[in-house]
Every structure is written in structure tokens, then in C-alpha cells.
2 protein chains.
Amino acid sequence: MADGSSGAKPSGEDALIARLFAPIATHPGALGLKDDAALLAVPPAHELVLTKDALVAGVHFFADDPPEAIARKAMRVNLSDLAAKGARPLGVMLAFAIPPDMDVVALEAFARGIGADAALYDAPLLGGDTVRTPGPFTISLTAIGAVPTGEMVRRTGARAGQAIVVSGTIGDAALGLALRHAPERSGFTALNGEERAFLLDRYLLPRPRLPLIRALREHASAAMDVSDGLIGDLAKMLDASGIGGEIDTARVPLSPAARRAVETEPTLLEVALTGGDDYEILAVVPHHALSRFHTVATTAGIGVSVIGHTVEGQGLMVRDGDGAPVSFARGSFSHF
Amino acid sequence: MADGSSGAKPSGEDALIARLFAPIATHPGALGLKDDAALLAVPPAHELVLTKDALVAGVHFFADDPPEAIARKAMRVNLSDLAAKGARPLGVMLAFAIPPDMDVVALEAFARGIGADAALYDAPLLGGDTVRTPGPFTISLTAIGAVPTGEMVRRTGARAGQAIVVSGTIGDAALGLALRHAPERSGFTALNGEERAFLLDRYLLPRPRLPLIRALREHASAAMDVSDGLIGDLAKMLDASGIGGEIDTARVPLSPAARRAVETEPTLLEVALTGGDDYEILAVVPHHALSRFHTVATTAGIGVSVIGHTVEGQGLMVRDGDGAPVSFARGSFSHF
């Protein structure tokens, strides 16, 4: 049953939200969170890039994750989309639904997480909405970015005969999640405490690759962020571009922790390559631009690795280090 | 517990969402919903106005309301905020969380509702996200609008000695909600079927007053939409502007159905004036601009009524038709 009024909030809740979030919303366009809407100027000769991801407790994060980390994850998965499109953040609009058992301390921590990342990534909180829910903690965030007009990097621009590259390392987050579910697996018991902490942290806190935005705009023919798993996401991007591709699993960059887990328990390679939550950048770059792309990325402190190349035709061929075709059980991303 | 991957969706769900929503997302910037983000050009010499409202089944609508109406309500409560700011819609970003018991037929109806209002209000669906939830159906919508630079109508611009006006009629939606909860009340049994249907519909389907945007930009010193109840919202706007006000309840425009309900059961007047969900425009207009404001509104087919005036000082004085002060039990909006 709907309650007395759509807009009704428990007494004092407006004041609580104002106390927690108004100090974060320092951008003049947020109007102190006191108006119906936010106001935002767009830089001249720029277009808007808009993305929106929702996260649900128990589905996209663990309900007992630190609220500050949940907030930062909500910020970062959206900022990661902007990064992949070559867009710099202008701000975010945040809505969240508070479950009955969420207390003020948790809300304070959640607000701190939003504020910390808004400052870190220059992505100010502009406005939003807070509601009550009988269900799980649910967050929806819209990130607003800008690119010079005509320069957004799409999924559709890749051509045959170009390099397939990824930033950072792949599989850490998926392994971190698998570790939370089944720490007794041999691949995980082989890790030391620092390695386990590294994987867990990579699941908890994505790193949006915003330092790559200029390199992507200047050199990439197509890009996306890896959220649903490297193999599946690459297959989608190749499809969108109307071409095929081949990658070599031995060239996929793994962190030392991921490498040790996979070497100890080889079936974890599939988790790493298909599990998702990487929030690394997957891009296609013409060979002639590779060295400049690599230089700009390295200067920005972000590693990039060539893992394969695009081909005429369609579908994604995945080969192991010896050139033998690999197929995975999960998903329908392999087209052969 | 989080499932196997943050991005994981039940098999075929991506395809279902694409089938239902891609045909609606006809704006070129939606990129067929096939990219990570949407692309939007902002008209020259305009600023963005951004608003975001979330709706939860059982809190903001009835879980068994028609999904098409739920969709339209989500669109309209956001578009109403744009209207109050004098902004015309550029598009919307939509996220929703699907509960386990929501079937394809309901999703189709929900998509139809979004598409119908996107077309009706020229507010194209640009992108968004779809997730699963173990909780109630939850919708979050961000509406993106544009105003000529510097012309957004704020809550803070009202001055003393100006007219307080509202569009349309007040209280229909709150009475419609009260009627759903308690149809046996004497105020409702006095209504005929058509009058009851009118109130129920006003709760179900707000009418964002977009035809007023130019009149508001040109003539209003402050405006907001009435979502939390006329009295409480007006008190907020007066506070934000640093002034006080007086209204006469006898001048608050009521529909014939609302008038009959209130005349039969006078305590329903409080429901009408404090209940909310009106999504009418509440504005402050200098007296010298009133007749032009009235003419433009009437030409656009929307009635506007003067219900009081602003004064120096602070707080909202509510008087009945005989000039006697009125106070209401609900809320803390009365400052005396």
C-alpha cells in the first residue's frame, strides 16, 4: 500500500539528508540541494555524455559491505562509463532507497563515500532524491560528462586489422568475488594475505580510468569499459562494430595475485576472463597509433596491454598461449 | 549475497530489454541503447536543468497500479520539476529494478508508458539501466532539461508584496489517494462515479505543466511544483526566498469533485491542502505581471489562480474565507 503521500518522508528525514549531503554538494549548480533541480553549464563546443547504473544490495554488492565503499562503487562504475567514452565528468545525480534497518551511522558513511569520490574525480554531487524502501538498499546514479563535440568514443568504430587493448589487469574483481564466496578453493588458499586483500579490494573499489580519456579520444577507434567480463564485453563491441577479433589468453594482463590463483587452479582463468566487474578500459586502437596511445597511458600511470587484434568477419576467437582455441562454459559470447 | 557478477543478468534479459526499449529510444543520442552512454547536444546559449526522482512500489505507487501508469507517473513527476524551473525537456535517463514476480507483459506495459510520455512530452529516452531486485519494483528517472542561460526559475527569487499563484486545481490527487484507502468516508460516498474516477485518475497520472515554462521564465520571481502538499511546499519556498506569505483557503482552486468531497466532509480540506502529489505549479508573480502571466497560461489551456500574497518577515499564515487563521495537524510547515 502506498502511504499517505508520495512525497511524505518520516519527520526529520529531510533535515537529516540535508545535514549529510548538503555539505558535499558544494557545486554552485547544486543550489545547496534546496531547489527542485540542479543547474549546470556545459562547456562551449562540447556535448554531453550521460550514463546511469543502478546497484542493489545483495545483487551488485554485499549488504554488509562498508557503506562508504558501496557509495564509491556507485560513483565509480558510472565514472568508468564516462572514461570509456573519453568524457570528463561534470557531475552526478544520486538517488537511493533506504531500507528500514539502515541507520544514521551507515547513511553518514555512505555520504562520506559520495563526497570523497566527488572530490577525487571532480564529479560534484548536483542533486537527486532519497526515498524509503521496504526492500534492499538500492542506489541509482546518473553521471553527466562532456566531450568535445563529435569526439565521443563509441563501441561501433572499430575496424579490422587494429589492436585490441585493455588497461590495468583483468579478473582481479571477479576473483575477489569468488574468493568471498569460496575462500577454501585451492587457487585462493595458495595466496598470501596481501594477495587476498588485493583481490577483495579490487572487487570492492573499481578505479575508473579517467586519466585515459584524452588518449582514447585521440587514438581509439572504439572503446567500452569491462563490466560484464572481458570475453563477453569484447564480443559485444566487435558485434557493434561489425567485425571479428582474436585474442590470446596468455597476453591478457593478470595481477601477481590473479596469476598465482590461476596457476594454482587453472579453472579460475575462466572466472578472470568472463566474471566482470573489472572496470578497466577495453579499446581498439589502430596499429599506427599504438605507441602514442601506450606512451600517453603510461605517462598517466596506467598500464595498457595488447591482447589481440580485430579481423574481417564476425565473432571472437579466443586462443591460449599455444594457439589452441579456448571456449568457456559461461555465457553465449562465443559465436562459433 | 551478491551473485556471480555485478553485471550478470538472467539469460535473454539483455535481449528482452533491447526488444522492449530500443524501439522507444529513437533519439539519435540514445545510440540504440547499444553503447555505454548516451550523447546529447545542448542548444547554444542554454544551461542544463537536472532533476531526479525515485519511486518505490508500495511507497510512491500501488504495486498493482497498471505498469503503464507507473511508467507515466515516473516520467511526469520528473517533467513536472523541469516545468516548474521553466525548462524544456531534452531527454530522460531511466533505471529500474525488476522484482521476481514482474512478468514480461508488465514490462511491456511499462515500456509502452515510457514511450508514450516520451513522445507526448518530447522527452526522449536516452539510456539507463535495468537490474533485478529481491525487493519491490523501483524506478529512478533523471530528466535533463534546458533553459536559456540565466533564466532558470528558482525557489529563492520571491520578494514581498507579490502574488502567490497555483496552476490547475489542488488536492485532487491527495483525495484520490484517500479515496483508495477509505472509499467509505462520507466525503467520497457523496461523489458520483465520474467524480470518483476523476480523483483516482489525478492521483495516478500527474499532468506536468510544461505549457507554462515560458510564462514562468518571463514573469515568475520563484516557482516549484507541488509534490509534498500545497501548504508545506509553499512554506519551503517562502523560507528559501527569505520572506513570509498569507493565503486564503477559500481562494485555493478546487475541482468540482474535490469541492463536493470537502463540502460534504470538511476535514478533507486538510487532506487537499497538505496531501501532495498535485504536480501543479506554485509560483510567485509580481502584481504588475499577473495579467500577462494569466493570459499566457490561459492561452496554453491551463488555469492559474491567485491564492494569496507574499509579505515581509517569515512564516506562512493560512486563513479561511472569513479571515480566521487555520492550522493543520499534519507536518511542521506552520511556522507560527
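Cβ atoms here come from the backbone N, Cα and C positions, even for glycine.
Remember, TrEMBL labels are computer predictions, not curated facts.
The record from TrEMBL ties B:Asp36, B:Thr51 to Mg(2+) 4, and of the options B:Asp14, B:Asp65, B:Asp81 it ties B:Asp81 to that site too. Around B:His60 (substrate binding site), the same-chain residues at least 6 positions away in sequence with a Cβ under 8 Å from its Cβ are B:Ala54, B:Lys73. Taking B:Asp129, B:Arg155, B:Asp225, B:Asp228 as the binding-site residues under consideration, the smallest Cα distance to B:Thr51 (Mg(2+) 4 binding site) is found for B:Asp225. Listed binding-site residues near B:Asp36 (Mg(2+) 4 binding site): none (candidates B:Asp53, B:Arg155, B:Asp225, B:Asp228, B:Asp277; Cα-Cα distance within 10 Å). Relative to B:Asp228 (Mg(2+) 5 binding site), the binding-site residues with Cα atoms inside 10 Å are B:Asp277, the candidates having been B:Asp53, B:Asp81, B:Gly128, B:Asp129, B:Asp277. Spatially close to B:Asp129 (Mg(2+) 1 binding site) yet at least six residues away along the chain are B:Ala95, judged by Cβ distances under 8 angstroms. If you check the binding-site residues B:Gly128, B:Arg155, B:Asp277 against B:Asp81 (Mg(2+) 4 binding site), none has a Cα inside 10 Å of its Cα. Following the DSSP three-state reduction, the secondary structure of B:Asp53 (Mg(2+) 2 binding site) is strand.
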